[in-house]
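Worksheet: the structure to be examined is printed underneath.
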Amino acid sequence: MSSSTIKTLAVAVTLLHLTRLALSTCPAACHCPLEAPKCAPGVGLVRDGCGCCKVCAKQLNEDCSKTQPCDHTKGLECNFGASSTALKGICRAQSEGRPCEYNSRIYQNGESFQPNCKHQCTCIDGAVGCIPLCPQELSLPNLGCPNPRLVKVSGQCCEEWVCDEDSIKDSLDDQDDLLGFDASEVELTRNNELIAIGKGSSLKRLPVFGTEPRVLYNPLHAHGQKCIVQTTSWSQCSKSCGTGISTRVTNDNSECRLVKETRICEVRPCGQPVYSSLKKGKKCSKTKKSPEPVRFTYAGCSSVKKYRPKYCGSCVDGRCCTPLQTRTVKMRFRCEDGEMFSKNVMMIQSCKCNYNCPHPNEASFRLYSLFNDIHKFRD
């Protein structure tokens with residue numbers, strides 16, 4: 001091979017390398033679309049690797065790059081393999097993420113799946129979180145709709161609301177004091193559902209809701225209608241130790257739509273000494289405060305600020321300690337690549353110890369199914 005040919009090949013390789021580097025660098029100025037892209041159900045918006053534009057986060061086993069990052073909130077990262085110059089990689093779960101079990105199947109950390117046509121679920125470090133694919137079934141029907149009911153539509157998975165136009169419309173003001181409950185609502189209670197119908201179009205309160213409903217007039221609601229605002233209590237934490245998930249259902253929003261809210265919770269750190277801190281003669285240690293400020297972690301990201309949270313302790317007589325009073329704090333998290341997001345986090349104020357334990361023995365707890373939910377969690 002002649003020297004001129006070798007030089008030509010060397011120049012070509014150099015130009016190719018420079019081209020790849022140029023494509024992988026960030027622009028001097030950001031130019032983003034006026035409207036954020038619309039993502040598939042369960043897919044969130046994240047900033048690209050240059051910190052410029054919001055893009056739909058890539059999911060497990062999808063191609064990724066600097067401009068198409070993976071979904072950090074699900075514990076995914078872009079794996080470029082052994083190549084240091086690769087421009088594209090594949091979204092993989094971080095190694096520390098734990099798999100999930102659902103319906104006798106194992107799903108990897110960061111994996112998304114549909115257990116049925118009405119839910120889209122994702123495994124996040126041992127916990128399964130789901131979003132509804134039929135939101136119209138969860139929303140409250142128009143309060144001017146007499147005797148509304150959900151009906152199946154041929155060829156569709158989701159049911160739709162229909163109204164009984166032949167019924168006489170009663171005045172809402174005359175029905176505000178007709179709140180009640182009957183046995184037919186037991187199944188709805190089990191499913192954490194809220195419904196605003198009944199005989200004579202009376203508005204009813206289900207016992208799953210811990211507080212009395214309040215009627216609000218909000219000009220943002222459709223046609224300026226009244227909204228019966230109801231919110232369930234937060235469910236118990238999905239894990240007895242370590243980071244878990246707590247949920248509740250509410251329609252306290254501008255559209256009066258029934259939505260599920262989640263928050264991160266930690267009853268106690270895993271590996272917390274059980275009996276070493278008990279005083280002489282004491283059988284329980286109700287509440288313990290972190291000895292030093294710590295950062296909360298979620299999906300491989302850490303809280304921006306440090307906190308000194310309280311945790312629930314343990315007992316030696318078979319009782320278990322669970323949160324009694326809590327509050328919810330919106331917390332900012334930062335990932336290693338600079339991506340930031342906010343999550344609601346449970347902060348314990350006090351704990352109680354009794355024999356009404358969510359599972360027989362916290363020390364031997366391995367598998368826990370969250371009541372009123374379709375999820376399973378594994379430590």
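Heads up, residue numbers simply count up from 1 along the chain you see.
Even glycines carry a Cβ here, placed using N, Cα and C.
The recorded disulfide partner of CYS91, taken from Swiss-Prot and restricted to CYS70, CYS117, is CYS70. When Swiss-Prot is consulted, the disulfide partner of CYS78, picked from CYS64, CYS100, turns out to be CYS64. Listed in Swiss-Prot as the disulfide partner of CYS32, from the options CYS53, CYS56, CYS100, is CYS53. Take the candidates CYS26, CYS56, CYS100, CYS117; Swiss-Prot pairs CYS39 in a disulfide bond with CYS56. According to Swiss-Prot, the cysteine that forms a disulfide bond with CYS320, out of CYS265, CYS270, CYS357, is CYS357. Candidates considered were CYS26, CYS30. The record in Swiss-Prot pairs CYS50 in a disulfide bond with CYS26.
Cα-Cα distances to CYS64 (disulfide bond) place CYS70, CYS91 within 10 Å, out of the disulfide-bonded residues CYS39, CYS53, CYS70, CYS91, CYS335, CYS351. Just so you know, of the disulfide-bonded residues CYS32, CYS284, CYS312, CYS335, CYS351, the Cβ with the fewest other Cβ atoms around it within 10 Å is the one at CYS32. Nearest neighbour of CYS315 (disulfide bond) by Cα distance, taken over the disulfide-bonded residues CYS284, CYS301, CYS321, CYS357: CYS284.
Put simply, of the disulfide-bonded residues CYS30, CYS56, CYS320, CYS321, CYS335, the one whose Cα is nearest the Cα of CYS351 (disulfide bond) is CYS321.
Cα-Cα distance from CYS50 (disulfide bond) to CYS353 (disulfide bond): 50 Å (rounded to the nearest whole number).
Between CYS52 (disulfide bond) and CYS32 (disulfide bond), the C-alpha separation comes to 7 Å. Summary: among the disulfide-bonded residues (CYS50, CYS301), the fewest other C-beta atoms within 10 A of the C-beta are counted at CYS50.
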